[in-house]
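These come from Swiss-Prot:
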TRANSMEM  22-42  transmembrane segment
TRANSMEM  60-80  transmembrane segment
TRANSMEM  92-112  transmembrane segment
TRANSMEM  113-133  transmembrane segment
TRANSMEM  147-167  transmembrane segment
TRANSMEM  193-213  transmembrane segment
TRANSMEM  224-244  transmembrane segment
TRANSMEM  257-277  transmembrane segment
TRANSMEM  284-303  transmembrane segment
TRANSMEM  308-330  transmembrane segment
TRANSMEM  351-371  transmembrane segment
TRANSMEM  391-411  transmembrane segment
Amino acid sequence: MLKYIIPTIMLMPLTWMSKNSMIWTNTTAHSLLISLTSLLLLNQFNDNSLNFSPMFFSDPLSTPLLILTMWLLPLMLMASQSHLLKEPPTRKKLFITMLITLQTFLIMTFSAMELILFYILFEATLIPTLIIITRWGNQTERLNAGLYFLFYTLMGSLPLLVALIYIQNITGSLNFLMLQYWTQAVSNSWSNVFLWLACMMAFMVKMPLYGLHLWLPKAHVEAPIAGSMVLAAILLKLGGYGMLRITTILNPLTEMMAYPFIMLSLWGMIMTSSICLRQTDLKSLIAYSSVSHMALVIVAILIQTPWSYMGATALMIAHGLTSSMLFCLANSNYERIHSRTMILARGLQTLLPLMAAWWLLASLTNLALPPTINLVGELLVIMSSFSWSNITIILMGTNIMITTLYSLYMLTTTQRGKYTHHINNITPSFTRENALMALHILPLLLLSLNPKIILGPLY
């Protein structure tokens with residue numbers, strides 16, 4: 001794993017030593033190189049000894065998430081350029097350094113071998129994200145959003161630390177590969193119920209579970225574009241990854257404890273989708289749609305069948321690319337119109353025809369149109385939940401319908417209709433923006449040709 005961690009760290013001196021005119025070019029080009037080399041990880045499924053050490057390892061579950069993490073850094077740099085146009089060079093370099101630090105922490109989190117190391121890095125990702133939101137956010141409420149983000153996540157993950165120390169005392173090891181062979185079944189005594197809740201809560205807050213999701217719309221709306229992208233695409237997946245890793249250890253307790261959480265997720269999925277239909281703020285709509293998609297992932301992970309695990313990993317990757325692309329599109333609107341209100345940004349299809357094509361593609365992938373991998377993930381989750389309980393098909397069907405409705409509502413509000421008079425003189429879309437959208441949509445389309453590489457360890 002060091003062949004990805006060290007080049008990423010070396011991007012920092014590159015940033016600070018670059019000429020002011022070359023800051024963006026250098027960092028974007030080199031981070032793109034790193035992300036292209038990360039594709040080599042896909043080859044190593046059969047022979048994992050190649051990327052295996054006492055500290056870091058990668059397996060078919062973490063590999064797609066690692067590649068997604070590395071793929072996103074150049075995209076974040078490309079998206080942030082006009083946001084930081086008026087800042088002095090030192091601040092630009094500081095911003096890029098924050099992104100690189102976050103990237104390094106994330107790579108190490110997804111490949112951590114020990115649960116305590118995973119926990120430390122899981123918490124370390126908070127710091128750069130918080131600085132990005134509170135320093136480079138758009139509105140004055142960004143400090144409030146940062147506080148929400150910090151305290152929700154910290155309150156969730158303190159019990160996890162206690163639980164991990166307790167598991168360490170019982171088993172003598174917190175190694176992921178060792179814990180799989182922990183043969184003693186976890187009985188359903190009261191103390192073990194609390195142990196399960198402590199282990200799960202941190203990841204449930206991060207996902208976020210409906211009811212613990214209030215930090216997410218706030219953080220998304222106030223964050224700068226890079227913050228929104230990394231939050232939607234990767235930080236939410238940390239919760240899913242942690243749950244996938246830890247539920248297998250806590251069997252058979254999970255089977256008993258999962259019921260209330262599955263019910264809450266199914267209810268929250270419908271509720272947040274319905275909230276999307278009434279949103280006026282574009283970023284807020286995309287944030288709530290993230291909550292409803294992640295609720296599906298929570299359901300899939302808690303059902304614990306091979307199909308649902310495959311569906312969860314596929315959905316996480318698909319949602320990461322889709323929501324990141326939607327945030328980029330919302331940001332390109334915001335940079336031209338200086339408002340996130342959807343009513344003010346209507347009728348843009350006549351002014352920016354190519355952008356309208358990207359909007360159409362992004363909305364269609366968001367509503368899981370065949371043949372995208374969003375559909376693959378959703379189908380696997382729906383089938384596994386149907387075999388778990390037949391009634392869920394009604395809820396899933398309702399959710400699909402509402403998702404389609406709000407995706408098309410978002411598309412028609414921003415692109416169709418008579419455009420308002422205050423947007424007569426907007427700049428056309430840049431090549432940079434078109435390249436950014438293409439780099440989001442290409443993986444989505446190419447993965448639909450071979451979805452098995454993102455279906456996780458059970459395929």
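The chain as shown is numbered from 1 upward.
Just so you know, glycine gets a Cβ as well, placed from its N, Cα and C.
Fair warning: this is a prediction, and the values are worked out from it, not measured in the lab.
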**Item:** Same-chain residues at least 6 beyond the ends of the transmembrane segment (22-42) whose Cβ lies under 8 Å from its Cβ atoms
**Value:** 3-4, 7-8, 11, 14-15, 51, 58, 63, 66-67, 70-71, 73-74, 77-78, 81, 89, 92-93, 96, 100, 103, 453
**Complete:** In the same chain, residues at least 6 away from the ends of the transmembrane segment (224-244) whose Cβ sits under 8 Å of its Cβ atoms read 61-62, 65, 68-69, 72, 75-77, 79-80, 83, 95, 99, 102, 106, 109-110, 118, 122, 125, 129, 132-133, 136-138, 200, 202-208, 216, 283, 286-287, 290, 294, 297-298, 301-302, 309, 312-313, 316, 319-321, 323-324, 327-328, 331, 456
**Item:** Stretch among 92-112, 113-133, 147-167, 351-371 sharing the most Cβ pairs under 8 Å with the transmembrane segment (60-80)
**Value:** 92-112
**Request:** With a Cβ cut-off under 8 Å, give me the same-chain residues at least six positions beyond the ends of the transmembrane segment (193-213) that come close to it.
**Result:** 122, 152-153, 155-157, 159-160, 162-164, 166-167, 186, 235-236, 238-240, 242-243, 246-247, 250, 253-254, 257, 261, 264-265, 267-269, 271-272, 291, 294-295, 297-298
**Message:** Contact between the transmembrane segment (391-411) and the transmembrane segment (257-277) is defined here as three or more C-beta pairs under 8 Å separated by at least 6 residues; is that satisfied?
**Reply:** yes
**Asked** List, by number or range, the same-chain residues at least 6 past the transmembrane segment (147-167) whose CB is under 8 A from its CB atoms?
**Response** 115-116, 119, 122-123, 126, 129-130, 133, 174, 179, 195, 197-199, 201-206, 208, 212, 214-215, 218-219, 249
**Item:** Sequence-remote partners of the transmembrane segment (92-112) [C-beta within less than 8 Å, at least six residues beyond its ends]
**Value:** 1, 4-5, 8-9, 11-12, 15-16, 23, 27, 31, 51, 55-58, 62, 65-66, 69-70, 72-73, 76-77, 80, 84, 118, 121-122, 124-125, 128-129, 131-132, 136, 226, 230, 234, 238, 241
